[in-house]
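> According to TrEMBL, the domain 'ResB-like' annotation covers 64-173. According to TrEMBL, the feature domain 'Cytochrome c assembly protein' maps to 545-747. Summarising the annotation, TrEMBL assigns transmembrane segment to 34-52, 64-83, 486-505, 517-538, 550-566, 571-590, 610-638, 659-679, 694-711, 718-739, 759-777.
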Amino acid sequence: MMLFIFLLAVGAGVGTFIENDFGSNRAKELVYNAWWYELTLFLATINLLLVIEKTKMYRLKARTLFHSAFIVILFGAAVTHYFGLDGMMHIREGEKSNIITIGDKEVKTPFYISLKDFTLTRYPGSRSPSAFSSDVTVIDEGNKKKFDTQIYMNHTLTYGGYKFFQTSYDTDEKGTKLSVNKDPGVEITYIGYALLVLGLLLNLFDKKSRFHYLISQIKKMPIASLLLSLIYLSLPTPVHADYSAYTQGYLLEHKEKSKALATAFGSLVVQGPVGRMKPLDTQNREVLNKLTGRSSWEGMDANQVVLGMFSRPELWKKVNIIRIKTPKLREKLGVDKSQKLVKFRDFFDKNGNYKLTSEVERANQLVPSRRGTYERDLIKVDERLNIAFMSYRGVLLTLFPLAGNERNKWVDFKTMFATTDNSKIKRSTSRLLDDTYNRQYDKGFAYIEDIRSYQKNLGKSVYPDEQKLSIEIWFNHLALFFKLSMAYLLFGLLLLIYGLSSIFYNRLIADNVKRVISVISVLLFAIHTFGIGLRWYIGGYAPISNTYETMVYIAYASVLAGVVFLRKSTIALSASFMIAGIFIFAAYLGEIDPEITNLVPVLKSYWLSVHVSVITASYGFLGVGAILGVITLILFMLRKETRPHIDSHIKNIRHINEVTLILGLTLLTIGNFLGGIWANESWGRYWGWDPKETWAYISILVYVMVLHLRLIKRWYSVYIFSVVSVLSFFSILMTYFGVNFYLAGMHSYATGDPVPIPNWVYITSGIVFAMIALAYPKRKLNKQKEKMKKIKLL
């Protein structure tokens, strides 16, 4: 059985790279739809049936239920594959069609679909679609039926055994493109999904399950813990610059006197590039973060910086505000090689020519995999330069509703002056800029209120709730998740140090200290819950729609694992906090954008929210398992004859690790199949071998092998289990990061050309394999009689 699972995982992994380089049709031809892969699936199914019979698994209901569910799911998938139909139907307004296009062939339905009207709704002031729908009439002359209905994303039409999904539309917005399928296997597959979820959940409560046995062992363990203070440390690094006396005087005065006016300026509403209505404070922070990689600059907040850049652009072009990473690029600009921030003026020669024109063109022509550190920095710096230029001109300050615009578009200062006849708003904005230019900061508040009134009166249909605006600004200044990451890392590190020292010296801890640690753990978790709730309220959707949000959520799941399931072990609890801190901290490293955005139509789905919540939560549990594996390897290295008690701690952590992995695999499996339901309800197919879902499937197979490895006695040991619990997490990293940035696909942020692998990946991998090698000589634990139940499967 393990051989078949291994072949399925490796084959699917190879298939994702074939798809990336040669296309999905080639991948299906060579792997997914190939005879050898289907034969392997068939043999694995037969083998699973034989295992159920041989081990008499049918005596244990929960275990039989979820193992049998895989057989039902595979049978349903086979029915869909061999007898299903999947194609497209294109209809123009006022016309009807009964033709489904499947590749080069056409299939006719026994009824017609007539398109009465296609409607596309966009986000305010943006070309980005918020929703689109088709008002259609079903005409079935054979059965003498005719009725009207509406098809839109996540709302389908089912008739005559066919299911119609809103997929796309014509560029002139007068035609619709519907995906159509006829799937006789979907009911069978859904029954399999239901059996799977029910079986996996019942397994967690079954007193005869492996999970329940491990929990009983964990309850017998001693607890070693310690409370130490939590310190938040965030020291800004000053930017040293050689400015003229006038510039230095201006910056000092602007820093000290513009704070109140800039805060009021930041409270205005702005329409973002994709139509999101948000406080200007939020956008200003995004701009400053893009330019400098920081939340403040020389003691000024983002509102002060952006207000200054717009009101005194020529002066601000002479200050160091654009971040550069590579010494070679600094050399090209003629600045000091150690200078991290440079001036806008540094990018142009005496004649006003852009110094990097040819270099930027050359870098953009290279495929991403051929770009080095210099080229990547060059492209990012060019983007920062454009953002700075737009900030100097006020292009991003779309503060003014455009009168009579059907799309509720808001415009910047220049466009407002050219399009409005309102003399009051023109006079107020001119005086605001004049007074700010002349550093008369106390005179601008009334003019800001005039702009606010103009926004409310002319843009009332899209103007956000005042309370929500205030909460978003407060949330911005709170910087909650970054502070939380520091707390998690510090608390986790202190717990780990104490836990290891307790094992090393074989000592326990007082009950009152245990209670204090529990209180701190629950308090940090409550703060994290509060932060996620606030972001949900601000964005209006579950905050799991982009990389930043899911990394914060994975950290949340890691802490949940520690607080609820792993609190009996200081080592396990420390692992959960450390993995949480690492994930949140990684989200702030500069390559991941924390911006709150509008959702594309397909993401507005209940099933999506549940799917992403469950599957990303599994990453937290599996990440904790990887950390526990690393800690176990460290304990192996610390083993000596004078420290025999370490062996019992290694075995205890193994129990905790296995529980964590069982929970992680349960969530990963349920989440993956919930994703199939979302996909099927949104566009009519529950599995399409997209790289993201394929690697999730591979990860399930990998962890199935990890948790069943104990059944192969000649291979299994606590050392081997610890090693594979660490190495298996690389499949999760590939699922989450690798697909997002290295493989082209529906879930991917890549275009098919991978960016170079960061150096830290090689360094981390080297450290992991070094630990595995150093622990190997001490891998054999002292034999102790353990009362273990003969449990063959999970």
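Backbone N, Cα and C define each Cβ position, glycine as well.
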> On the DSSP side of things, how many residues of the domain 'ResB-like' (64-173) fall into helix, strand and coil, could you say?
20 helix, 65 strand, 25 coil
> Thinking of Cβ pairs under 8 Å, which stretch from 34-52, 550-566, 571-590, 694-711, 759-777 has the most of them with the transmembrane segment (659-679)?
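Answer, by Cβ pair count: 694-711.
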> I'm a bit unsure how to read this: which one of 64-83, 550-566, 571-590, 610-638 has the highest number of Cβ pairs shorter than 8 Å with the transmembrane segment (517-538)?
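The listed stretch sharing the most Cβ pairs with the transmembrane segment (517-538) is 550-566.
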> Does the transmembrane segment (759-777) make contact with the transmembrane segment (34-52) through 3 or more Cβ pairs under 8 Å, each pair 6 or more apart in sequence?
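The answer is no, given that the two segments have fewer than 3 Cβ pairs within the 8 Å cut-off.
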> Return the average pLDDT for the domain 'Cytochrome c assembly protein' (545-747) as a whole number.
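Looking only at the domain 'Cytochrome c assembly protein' (545-747), pLDDT averages out to 77.
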> Could you pull out which residues elsewhere in the chain have a CB under 8 Å from any CB of the transmembrane segment (718-739), counting only those six or more residues past its ends?
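Same-chain contacts beyond the ends: 16, 550, 619, 622-623, 625-626, 628-630, 632-633, 636, 650-651, 654, 657-658, 661, 691-692, 695-696, 698-699, 702-703, 705-706, 709-710, 745, 747-748, 768, 772, 775-776, 779-781.
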> Please work out which recorded stretch in 34-52, 571-590, 694-711 has the most C-beta pairs separated by under 8 angstroms from the transmembrane segment (610-638)?
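Out of the listed stretches, 571-590 contacts the transmembrane segment (610-638) most.
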> Would you mind listing the long-range same-chain contacts of the transmembrane segment (571-590), meaning Cβ under 8 Å and 6+ residues beyond its ends?
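Here the qualifying positions are 224-225, 293, 481-482, 484-496, 499-500, 503, 517, 521, 524, 528, 547-548, 551-552, 554-556, 558-559, 561-563, 620, 623-624, 626-628, 631, 649, 653, 656-657, 660.
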> Let me spell it out: take the transmembrane segment (694-711), skip the flanking residues so only those 6+ beyond its ends count, and list any with a Cβ under 8 Å from a Cβ in it.
1-2, 5-6, 8-9, 12-13, 15-16, 615, 622, 658, 661-662, 664-665, 668-669, 671-672, 675, 720-721, 724-725, 728, 731-732, 734-735, 738-739, 792-794
